[in-house]
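For reference, TrEMBL has these:
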| type | residues | note |
| --- | --- | --- |
| DOMAIN | 6-142 | domain 'EamA' |
| TRANSMEM | 34-57 | transmembrane segment |
| TRANSMEM | 69-87 | transmembrane segment |
| TRANSMEM | 99-119 | transmembrane segment |
| TRANSMEM | 131-151 | transmembrane segment |
| DOMAIN | 156-288 | domain 'EamA' |
| TRANSMEM | 157-176 | transmembrane segment |
| TRANSMEM | 183-203 | transmembrane segment |
| TRANSMEM | 215-235 | transmembrane segment |
| TRANSMEM | 247-267 | transmembrane segment |
| TRANSMEM | 273-291 | transmembrane segment |
Amino acid sequence: MKNQQKAILWALLAVIFWSTVASAFKIALQVLSPFQLVFVASIASFVAFFILILVQGELKLLLTINRRALLLSAGQGLFNPFLYYLVLFKAYDLNPAQVTQSLNMVWPIVLAVLSAPILGHKLGLRNLWGILLSFVGVVFIASQGSVAGFYKTNLPGALLALSSSVIWSAYWLFSVQEKRDKLVVFFWNFSFGIFYLILYGLLAPGESFQVEPGPHFFVAVYVGLFEMGITFVVWMKALQYSENNAVTGNFIFLSPFLSLIFIHFILHETIHLTTFFGLAFIIFGIFVQQLRIRRWRTR
């Protein structure tokens, strides 16, 4: 099997895993609070990363970390898993899964906007078109099938979903020059993230660490493994084999559409036509802003 074929298989596996998690979020949130879901899932991810590091014989990399790397992980862990998933799961708690997962897809657009002041990138015409198309997509999604649907959409929940895109983009920018082994980075990020979650659980009124064993607990573990943990390793495997990361990377855009199928059959949500239109506008906006005009030279 050629490397690009392996890359496609690994990418499709990652897409399938990520396509199931929106449904898993809603199932777990039927019983667990957003904080409890993040806490259990983060611990599951932490354990998974540690086991993978042991299996790959890279334990010594954990012990040779320097002060600068620790400070970097302390900052990254604040964004992911702590802030990002607390905000995202609260958004899922307030709105239908199809609305929240679609609104969360605007993060590549947000990333382009934030890259301008932080990395010194210029916002070109295609970026502005991408923003406009994504905005139209957000309006379609928020309508939930009709003008009256705007009143059904929980505004704080929608704003939280969009805010989660800002947090994820900030995390990406914070990590853009990361050179360390990815598994080691994830391990230390989640170590600090769990520390922040413990502080939050102790200080925030009404939060509880007590999670009863049962189906929802195991769904939270599933979220930790297949949203936060193992699937990132699977995706990195796809990019490792890939002969063209641009082509392989486009497979990720299958995930939200496939996710709608799971949402319909598992959560029994009626998928509105406007959700498909809105998601299509957002994805098209992402493609537009990533468009590059290439000039071919003949020799």
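In case you wondered, yes, glycine gets a Cβ from its N, Cα and C as well.
Note that the structure is predicted; figures quoted are calculated from it, not measured.
Secondary structure by DSSP for the domain 'EamA' (156-288): 107 helix, 0 strand, 26 coil. Panel annotation: around the transmembrane segment (34-57), residues 25, 28, 81-82, 85-86, 89-90, 92-93, 183-184, 186-187, 190-191, 193-194, 197, 200-201, 204, 207-209, 211, 217, 220-221, 223-225, 227-230, 233 of the same chain, lying at least six beyond its termini, place a Cβ under 8 Å from a Cβ of the stretch. Residues 4, 7-8, 11-12, 14-16, 18-23, 26-27, 97-98, 101-102, 105, 235, 238-239, 275-276, 279, 283, 286 of the same chain lie 6+ residues outside the transmembrane segment (247-267) yet bring a C-beta within less than 8 angstroms of a C-beta in it.
At the 8 Å Cβ threshold, with sequence separation of at least 6, the transmembrane segment (69-87) comes into contact with the transmembrane segment (183-203) through 3 or more pairs. The stretches the transmembrane segment (273-291) and the transmembrane segment (183-203) do not meet in space: the count of Cβ pairs below 8 angstroms, excluding pairs fewer than 6 apart in sequence, stays at fewer than three. If you average pLDDT over the domain 'EamA' (156-288) in this model, you get 90.
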